[in-house]
Amino acid sequence: MTIGIHRPTRLVIDQAAIYHNIATEKSRLKPGVALFQVVKANGYGHGITQVARIAEQAGANGFCVAILDEALTLREAGFNQPILVLGITDPQYADLMASNHISATVGSIGWLEAADGYLNKGHQLSVHIALDTGMGRIGFQAPEELNKAVQYLDQKRGFNFEGIFTHFAQADSADTTYFQLQLKRWKAFMAVLPARPKYVHVSNSATSLWHDACNDNMIRYGVAAYGLNPSGGELATPFPLKPAMSLKTQMMFVKKLPRGDSVSYGSTYTAGEDQWVATLSIGYADGYERRLQGFHVLVNGEFCEIIGRICMDQMMIRLPHQYPVGTVVTLVGEDHGKTISLQDIADYCDTIHYEIACGFTQRLKRTYAN
Ligand SMILES: *Cc1c(COP(=O)(O)O)cnc(C)c1O
């Protein structure tokens, strides 16, 4: 996608904030616990290679991604750390993964058998066994199956049994009933395991922040690195997270809208009196959700309403008075002591901040501050 560099709209990433969020969590971990930074989905919209670089400096020991291509992006950028692909990769790419030292997630013996057929002689694929303890997404569902898989891996030279893990569905909630159920199932799986692999891991951000007793020796640290509370606002984080993403633009057109005139498609907004209106160069094609009509942005420390429908590439805001073209507008972040957070946007859109952050499209130019 073409990146918009000749317009004033910028997704600004605070590198020091990401560093703080990772280094602080790392310092809370028991000695010997590895932190793998999750950088899937373009680093939750923050830029995969840039985030990986900061994470490396902040003490991350490896990376997790969702799909093989993201792992290859990191390798092409020169990262030598261990990388785990969290999703199931087509077994036909087993050799591509092995030759790039990328670890695969395994959820069935069938997958191992298929992958074995694709591995070239002398190549070894590192695998992490996924256990489904209640997420219902991927992984082995019964301890007997796990046993068979471990036996299979024992016989095959083509595989290195590097890790075992599970994923919690409700680690971010004050009610820990379901979390405890999953933990019990996890322990039942682990009880049949003859020997521990190098990495044993159950923790996403929420688990590591609120249930760190079960971290074992590696965590998959994701959203908290970006300064976002995994629970939304339900639970307080053990240390203050610093949000890393802000979104700014400048007014590209300013006019006086006469009383009775309407704004945007469907003419859903009509001026009740003469008013000043600014047009911004951002729209839903940038990932600024159309549902945000009626929400607000910040101009000079004041909230200004988004009026009329948000268009693909432009949107309009009502101003308290005339402002010159070029005036800075904050869509996410701080302005003169007031803030609009990704959580505020998510609340308005009835979703979670994860979806807003990774929904910002490539057309938005990312810039890196601090
Ligand atoms: C995305 C993901 C994570 C990271 O989760 P956060 O909530 O962002 O910390 C960890 N583990 C798995 C399996 C994931 O899919």
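Even glycines carry a Cβ here, placed using N, Cα and C.
Automatic prediction, not curation, is the source of TrEMBL annotations.
What TrEMBL annotates here:
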type: ACT_SITE; residues: Lys40; note: active site, proton acceptor
type: ACT_SITE; residues: Tyr265; note: active site, proton acceptor
type: BINDING; residues: Arg137, Met312; note: substrate binding site
type: DOMAIN; residues: 244-369; note: domain 'Alanine racemase C-terminal'
type: MOD_RES; residues: Lys40; note: N6-(pyridoxal phosphate)lysine
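Looking at the domain 'Alanine racemase C-terminal' (244-369) alone, the prediction's average pLDDT is 98.
Cβ neighbour count for Met312 (substrate binding site): 11 (other Cβ atoms within 10 Å of its Cβ, all protein chains included).
Sequence-distant neighbours of Tyr265 (active site, proton acceptor) (same chain, six or more apart, CB under 8 Å from its CB) are Gly308, Arg309, Cys311, listed in sequence order. Taking every protein chain shown into account, Lys40, Arg137 are the recorded positions, and of these the Cβ with the most other Cβ atoms within 10 Å belongs to Lys40.
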